[in-house]
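As recorded in TrEMBL, the features of this protein are as follows:
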type	residues	note
DOMAIN	A:92-113	domain 'Helix-hairpin-helix DNA-binding motif class 1'
DOMAIN	A:127-146	domain 'Helix-hairpin-helix DNA-binding motif class 1'
DOMAIN	A:191-210	domain 'Helix-hairpin-helix DNA-binding motif class 1'
BINDING	A:Gly359, A:Thr360, A:Gly361, A:Lys362, A:Thr363	ATP binding site
Amino acid sequence: MENESLYVTGSLIAIFFQNPSNFYKVMLIGVEETNTPYEELEIVVTGSFGDMIEGETYQFIGHLVDHPKYGKQFQVETYKKIQPTTENGLVEYLSSDKFPGIGHKTAEKIVETFGDKVIEIIMNEADRLFEVDGITKKRQQVLHEGVRENYGMEQVIVSLHDYGFGSQLSMAIYQQYKGETLELIQENPYRLCEDIEGIGFKKADQLAENIGIEATSSSRIQAAIQFELLQGSLNEGNTYLEAEMLLEQTIQLLETSRPVEITPNLVADEIIQLVDAGKIQQEGTKLFENSLYFAEFGIATSIKRLLSRKKRIKYDEAAIDKIIAQLEKQNKMNYGDSQILALKEAIRSPLFVLTGGPGTGKTTVINGIVSLFAGLNDLSLDINEYHNEVFPILLAAPTGRAAKRMNETTGLPSSTIHRLLGLNAGEKINAEEIEKLEGGLLIVDEMSMVDTWLANLLLKAIPTNMQVIFVGDKDQLPSVGPGQVLHDFLQVDEIPSCELTDIYRQGNGSTIISLAHGIKNGKLPADLTKNQPDRSFFQCQAVQIEPIIRQIVTKAQAKGFTAQDIQVLAPMYRGVAGIDNINNMMQEIFNANPNGTRKEVKWNDKVYRIGDKVLQLVNEPELNVFNGDMGVITGIIFAKDSDNKVDELVISFDQNEVTYGRNEWSKITLAYCCSIHKSQGSEFRMVIIPMVNQYARMLQRNLLYTGITRSKELLIMLGEASAFIRATDNEATNRLTYLLPRISEALELAPHIYIESNDTEEVTQKNPNTYQQVVNETLERTNEQDVLSPVTEDYVLTETLVTQGIISPMIGMTEGVTPYDFEPIPH
DNA sequence: GGGGCATT
């Protein structure tokens, strides 16, 4: 925690809400003492809690928040039960009905004997109770067990600290196992790495070693296999692992955790045991973690169910044409041919997949489908007309921001998939228990971000007679979780789909579009490093990234570009060419404080000033602000001037303004430069993308594609050409999944000719010394059509040319970008 | 080494 810790001590009056599947609770507390500025007698606290007893006194550590709907609340990080401290309090406590058989007199005697140490003694040296007159074996037991139950959590937490777990982890462990914690851990310490996020195999193994579990014991090896199977899948986004790979990686995990040799046979035997016991699943030489195996199975079953709906969708061709013509007239536009095809096929399919890059009009088609569906079914799109019935068109997306955007473009209600399904984040849920949705049409946008687990839950919730449209860009970044559901669906012939390719947003002269198009097919144009009207390239090394961006941005600023127009997109935070470093530099250009006379606030390593461009990092649906939204700081209120007596930032996002107290500043960060991941779903006039080999593992094709396609007008690339090539060659989307054969199986088709997805060209390990050769090879591979002009060495911008002022960084952007009127600098 | 989802 960054600030002094705030606490509230008080007694639990009531539990307003508790989520039975996790430990989230909302409770009302009668305030006895606090160091917060809160002055009311009662306060609402929220957070994760174990068993809470009404009437008991607790101390909560955390911070005050201002909830937009529920007002001031105390958000709890940790808490503990407070023992009664005064002798009177202790007597009251011990004579209460928690301890049957102990009256006031007895309680007084006990407290007289042991004083304020009484709780500790009852808990740890219960036999000493016999020193007190009138304590029978039975009473001693009642006291011992009662106190243990009440103070059990603290006891357990203390023991967990002894095991080497920090307070956060200890809380998480206690919340999982509660009173049984210590027994369960003793019995099988490896359950920790299965059940608790943040505890890996090695940590659990350390504990196991202390407890005396042998290095070659079955429980240890099985735990390692299961851990590696899930982690191995998660790390690479795969839904299964090849047995050989699992064997190898498991041995490595076991041997690095403890220096004892483990033979392959030993591990292989345990794999067989696990398969026999149904704890992992096997398909030929492929091994699956259970939840991923069943999720793929479930998806396939749902696809089959949806495709074979009984009630046929029969819409009159003429009626469809009529409505489309009406829409065109009404909106004063014409659909493209491929858009019309997509509309017609989508409206007649039980399940339809629509894909396409930025600017191809996916949103236009979504709107068209909505209107078409409403028109054909004679439905009103005015939600106010639906009082008792549900609105028949459901819109959803995997992120809050995409959902908000859908709402803005359609004017209809939209939600995250999680909200739609009533899921809690991170919660494991049985797909069979999920409630069916109600309505006639469901459209899901940004489907590329949906992983195998969520796709299964979503599909399970769709009733058979609901039409479904999945929309997304298959070439964007894959989902955070395992799988590549959209990508796989598009390869199933039986699932109707359409790819939009015509670009409506940019002119045909745009070389950014052709560059993006080339990259998604694994090709870089020969003129990558040559200037075009809408893009340019600077060759430089990692250490030069920052100074060169500084020059580019300074010049662009002089041409009238604002911080909102220019977006630097980088793959990672750390390092000289990392986001953090670039952000600080950009802040000095756009919003400096040279004399130190401007208002500013410090937070961790950052400084915020009025005018700073910031990025929202969490969803705040009540405020209509979502993860990935960008805003500007419009006010700084120092603690002495604020109502809440804390430093506050006022931030303006599009239309609405929010105020964040210091304890909420972790919800934002500087946004001059942001990660390519975070930029998904946004577009900017000018995009600057650095790529250097230092970004190593982040150099992936779809990452570069996503970054480049964020640009609406101008694109500036800089760094090492070899890094751009590496990224283009590295097709990381191709994850190992078994969804295609699973769907074929479900649809009872002849087995697909199943192509191993990692079976791509040999592009992996190339000697960096042969860099020029790689460049040449890649350029040679380039399709003739994409070659706009041959490489001419004189035009390659180098750092020297720029720093010496020989070339303006804006060179090349002189034609066809009339509004900004760049001056060509002769050289 | 980057990434999202929630509850009164």
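Every residue, even glycine, has its Cβ placed from backbone N, Cα and C.
Curation does not apply to TrEMBL; its annotations are automatic.
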Same-chain residues at least 6 positions away from A:Lys362 (ATP binding site) with a Cβ under 8 Å from its Cβ, in sequence order, are A:Leu354, A:Thr355, A:Gly356, A:Asp445, A:Val471, A:Asp473, A:Leu500
Please list residues from the chain of A:Gly361 (ATP binding site) whose Cβ is under 8 angstroms from its Cβ, counting only those at least six apart in sequence. A:Gly336, A:Gln339, A:Leu500, A:Asp502, A:Tyr504
Let me know the most crowded of the binding-site residues, choosing from A:Thr360, A:Thr363 and counting other Cβ atoms within 10 Å. A:Thr360
Tell me, how many other CB atoms lie within 10 A of the CB of A:Gly359 (ATP binding site), whichever protein chain they belong to? 19
Take the domain 'Helix-hairpin-helix DNA-binding motif class 1' (A:92-113) and count its residues per DSSP category (helix H/G/I, strand E/B, coil), listing them in that order. 13 helix, 0 strand, 9 coil
Residues in the domain 'Helix-hairpin-helix DNA-binding motif class 1' (A:127-146) per DSSP class, helix first, strand next, coil last, are 15 helix, 0 strand, 5 coil
Would you mind pulling the DSSP three-state label for A:Thr363 (ATP binding site)? helix
Just to be sure I understand, if DSSP states are collapsed into helix, strand and coil, how many residues of the domain 'Helix-hairpin-helix DNA-binding motif class 1' (A:191-210) fall in each? 15 helix, 0 strand, 5 coil
